[in-house]
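Colleague: Can you read through this structure? Questions will come right after.
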Amino acid sequence: MLNLLVLALPLLVSLVHTAPAPGQALERAGIVGGKEAPGHKWPWQVSLRCLDQYWKHFCGGSLIHPQWVLTAAHCFGPEKADPLYIRVQLGEQHLYYQDRLLLVSRIIVHPNYYDEVNGADIALLELEDPVNLSSHVQPVTLPPASETFPKGTRCWVTGWGDVHSGWPLPPPYPLKQVRVPIVENSECDMQYHLGLSTGDNIPIVRDDMLCAGSEGHDSCQGDSGGPLVCRVNGTWLQAGVVSWGEGCALPNRPGIYTRVTHYLDWIHQCIPRES
């Protein structure tokens, strides 16, 4: 990694995670137990790139407005990242084959973010120019604040990350998808306490988080920040942002996502109404 990127992006070490140590909470987001996504099924899917000999994919994201991308704060860390060294790719099915990289003018990390396990793992990227929308490039709809995404709701997570812990996605680097069920927060928190010394009265899964996944079907390391979407009354809504978890697709360890409804006010404050 270039020295300038070490300074600008202190948490890009997540790019080189291998198999996680037991009990270790890690950044997420490859696809385990899934399959290649049909072409342009997810037109809001974003690949974030940093300069490391080439513009290398390091995180996912979602287009939520013609000029704004939603992603995870841990992709950048609590320190201010320099948008000069970040690019965005939209409308791509396979990484690196037809790159048309877009410039980023601003990176906004949530002010309460410290690390992903403590919540507020959410960030916004403002593009230098609005994108031209098409059948291949469309923003995803944000949910209403009242949407709870109840237990058992079947949703989809997408990304270009590891296909198993420590097993990177092989060429031709297709976008992967997997269907995952929503797990109730209280149940997810109970599962994460199993085998840990953390007291049951100390929450692991917080109110601003959302759990989804089952054994053999999950997100994984290498593509954090990507979208978890659920179809509600015929409309795809972004329920979560891929955040963290223990291992990949392990029993009693669902993937943990930033709950988008918890941060709707912050998102709307950051994105000017006239933009």
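Each Cβ is built from the backbone N, Cα and C atoms, and glycine gets one as well.
What you see is a predicted model, and the numbers here were worked out from it, not measured in a lab.
Per Swiss-Prot, the features are:
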| type | residues | note |
| --- | --- | --- |
| ACT_SITE | His74 | active site, charge relay system |
| ACT_SITE | Asp121 | active site, charge relay system |
| ACT_SITE | Ser224 | active site, charge relay system |
| DISULFID | Cys59-Cys75 | disulfide bond |
| DISULFID | Cys155-Cys230 | disulfide bond |
| DISULFID | Cys188-Cys211 | disulfide bond |
| DISULFID | Cys220-Cys248 | disulfide bond |
| DOMAIN | 31-272 | domain 'Peptidase S1' |
| CARBOHYD | Asn132 | N-linked glycosylation site |
| CARBOHYD | Asn233 | N-linked glycosylation site |
| SIGNAL | 1-20 | signal peptide |
Colleague: Of Cys59, His74, Cys75, Asn132, Asn233, which is closest to Cys188 (disulfide bond) if I measure between C-alpha atoms? They're all recorded positions.
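Modeller: Of all the candidates listed, His74 is nearest in space.
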Colleague: Report, in whole Å, the straight Cα-to-Cα distance of Cys248 (disulfide bond) from Cys211 (disulfide bond).
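Modeller: Cys211 (disulfide bond) to Cys248 (disulfide bond), Cα-Cα distance: 13 Å.
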Colleague: Restricting the comparison to the recorded positions Cys59, His74, Cys155, which residue's C-alpha is spatially nearest the C-alpha of Asp121 (active site, charge relay system)?
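Modeller: Checking each of Cys59, His74, Cys155 against Asp121 (active site, charge relay system), the shortest Cα distance is to His74.
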Colleague: Using a 10 Å cut-off on Cβ-Cβ distances across all protein chains shown, tell me which of the disulfide-bonded residues (Cys59, Cys230) has the largest neighbour count.
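Modeller: Result of the Cβ crowding comparison: Cys59.
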Colleague: Which site among Cys75, Cys155 has the most other CB atoms no more than 10 Å from its CB, taking these as disulfide-bonded residues?
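Modeller: Result of the Cβ crowding comparison: Cys75.
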Colleague: State the three-class DSSP label for Ser224 (active site, charge relay system), counting H, G and I as helix, E and B as strand, and everything else as coil.
Modeller: coil
Colleague: Among Cys188, Cys211, Cys248, all listed as disulfide-bonded residues, which has the most CB atoms within 10 Å of its CB?
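Modeller: By the 10 Å Cβ neighbour count, Cys248 comes out on top.
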